[in-house]
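Q: Here it is: the structure, laid out below.
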Amino acid sequence: MNFPRASRLMQAAVLGGLMAVSAAATAQTNPYARGPNPTAASLEASAGPFTVRSFTVSRPSGYGAGTVYYPTNAGGTVGAIAIVPGYTARQSSIKWWGPRLASHGFVVITIDTNSTLDQPSSRSSQQMAALRQVASLNGTSSSPIYGKVDTARMGVMGWSMGGGGSLISAANNPSLKAAAPQAPWDSSTNFSSVTVPTLIFACENDSIAPVNSSALPIYDSMSRNAKQFLEINGGSHSCANSGNSNQALIGKKGVAWMKRFMDNDTRYSTFACENPNSTRVSDFRTANCS
């Protein structure tokens, strides 16, 4: 008999059991934790562990149009995220985030604005209106998301002027749990009042909202929150949009950030806070993230 080998197998079994117990303990102690322990592969995949369905909002209230994506089998209630596109753009530009985030345990609404020419402040107002309507649908028995949303846990995302709108939403609504603007633009770069954990996706070769006059000074202006700046190497203004070639990297970061701060799920801390150390990233900065 090979006792050393048997001993090693027993040690491995014990270690595996302890890890399973630890994962279960994390889920039990955090009422917001949803899904299995994350891995790099699971976060880089095009879909998470939950099945996703969607529906079009029949009567948008305070914004142009909306599509809601939601997990069917997450168990319990989940947080909600509103995502708004940029100047002249429609929700198709950011729709990839809908099923991606929903498959990891969020209710997500992607919206069209009343006018494609709306400015960041208007985009913020419409984004918050969309979140209010999600909360209303959560209380409507005929709604597909009836009883599925924890209305105390909400987040915002957006691209370009929608990113600027998301930053305004974060500044004006400190109860939001997380924000993730991509290639953000606003007439002001001072968001020093923001306390909401904020992840900024920037695009190195952005000629519409140049990094050094937009995303970076916005990041530098903030000091009261967990924050992160991730710049895509060689990326144009649409480097984080639907159809981009960086979805594995950006999706991993975006999902991990929302899970860490909207769900208070520390299983995602490493993925949310660490430097990806990828050739696709030309600049990375972070502070107060754990």
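Using the three backbone atoms N, Cα and C, a Cβ is placed for every residue, glycine included.
Keep in mind it's a predicted model, so treat the numbers as computed, not measured.
Pasting the feature list from Swiss-Prot:
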- 1-27: signal peptide (SIGNAL)
- Tyr87, Met161, Trp185: poly(ethylene terephthalate) binding site (BINDING)
- Ser160: active site, nucleophile (ACT_SITE)
- Asp206: active site, charge relay system (ACT_SITE)
- His237: active site, charge relay system (ACT_SITE)
Q: Using the CB centroid of Tyr87, Met161, Trp185 as the poly(ethylene terephthalate) site centre, which other residues of the same chain sit with their CB within 8 A?
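A: Everything else in range on the chain: Gly86, Gln119, Pro120, Arg123, Ser160, Gly162, Gly163, Gly164, Asp186, Ile208, Ala209.
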Q: Given the binding-site residues Tyr87, Trp185, which one is most crowded in terms of C-beta atoms within 10 angstroms?
A: Trp185
Q: Between Trp185 (poly(ethylene terephthalate) binding site) and Asp206 (active site, charge relay system), what is the CA-CA distance rounded to a whole number of Å?
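A: Answer for this pair: 11 Å between alpha carbons.
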Q: Just to verify a number: CA distance, Met161 (poly(ethylene terephthalate) binding site) to His237 (active site, charge relay system), in angstrom, no decimals.
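A: Rounded to the nearest whole number, the Cα-Cα distance is 11 Å.
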Q: About how far apart, in whole Å, are the alpha carbons (Cα) of Tyr87 (poly(ethylene terephthalate) binding site) and the residue listed as 'active site, nucleophile'?
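A: Their Cα atoms are separated by 7 Å.
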Q: Given His237 (active site, charge relay system) and Ser160 (active site, nucleophile), what distance in Å do their CA atoms have, once rounded to a whole number?
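A: Between the alpha carbons of His237 (active site, charge relay system) and Ser160 (active site, nucleophile) there are 8 Å.
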Q: State the Cα to Cα distance, in Å, between Asp206 (active site, charge relay system) and Ser160 (active site, nucleophile), rounded to an integer.
A: 10
Q: Across all chains shown, how many C-beta atoms besides its own are within 10 angstroms of the C-beta of His237 (active site, charge relay system)?
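A: A count of 19.
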